[in-house]
């Protein structure tokens, strides 16, 4: 029998210190603005220049878009909740926040996999690169990422929506996620925790291992290249590897243990919801001459009125 006495939840947020809350709301607001401006700058630069024709940048533009969407599901509520006393979220609001956070996050993971595949083909099979990574293939990979992420998110919501919540209704987190909600259910959720750990956790680990192996193969292949070609490829792969580590390690720490350490989970979640999206544009642009040149052309003072 489905019984829900709870129509809303209270998000306990990151911490209870009042002084820290005011300071953090300012810091997170600035971070959120930086995430929006940085990722949108990358997105618009790629779309407004010839870079969008290259598969790597085609994927990067979608990654930046996902960063903006992913952070926007969590950051505005986090910032507002740090300033107000009563941090409620409706049951449907909580479900939709969880769905979108998982949807944009999972899409980002699949796009990172597509980017690793793109680098593998570019470096290990350069003669077939334009045939293998055609625009049609790139579009299919993005669509597959979206469909895969949608299925993953739907499963998470379907698991939670069927649970009975009869109180308490305080979520020990700053956004609605699966494990904090499982703790509030009025039933034994140990089996569900195991199911989620084996699906999300194992999927995260396998994806991470596959990405690391693909980059090791790429780096081994690079040893045979000329120093100029090697330097450029190393710079690109270095950026990708940094992003993969920043995104995946906190994710694995969140979903692989049995989620009893929620305070640690909140810190880890900050990494993939705020810190990784903040650094992604910097990592991809500062070490990338093509991006820097495209930005100068597009945003430079002389050509600011040039039509794209």
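The chain as shown is numbered from 1 upward.
Using the three backbone atoms N, Cα and C, a Cβ is placed for every residue, glycine included.
Values in this document were obtained by computation on a predicted structure and should not be read as measured data.
Residues annotated as domain 'G-protein coupled receptors family 1 profile' in TrEMBL: 38-284.
According to TrEMBL, the transmembrane segment annotation covers 20-44 (among others).
If you look up TrEMBL, you'll see 56-79 (among others) marked as transmembrane segment. Proximity of distant same-chain residues to the transmembrane segment (56-79), defined by a Cβ-Cβ separation under 8 Å and at least 6 residues beyond the stretch ends, is recorded for 11, 13-14, 25, 28-29, 31-32, 35-36, 39-40, 42-43, 46-47, 89, 97, 100-101, 104-105, 107-108, 111-112, 114-115, 118-119, 122, 135, 138, 141-142, 145, 174-175, 236, 273-274, 276-277, 280-281, 284, 290-291.
Taken from TrEMBL, the feature transmembrane segment covers 99-117 (among others).
Feature annotation from TrEMBL assigns transmembrane segment to 137-161 (among others).
Sequence-distant contacts of the transmembrane segment (194-222), counting only residues of its own chain at least 6 positions beyond either end whose CB sits under 8 Å from a CB of the stretch, comprise 109, 112-113, 116-117, 119-120, 123-124, 152, 155-156, 159, 178-179, 182, 229-230, 233-234, 237, 240-241, 244, 248-249, 251-252, 255-256, 258-259. Annotated transmembrane segment per TrEMBL: 194-222 (among others), in sequence order.
What TrEMBL lists as transmembrane segment is 234-255 (among others).
Residues or ranges marked as transmembrane segment by TrEMBL: 267-286 (among others).
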Stretch contact, the transmembrane segment (137-161) with the transmembrane segment (99-117), Cβ-Cβ under 8 Å, 3+ pairs: yes
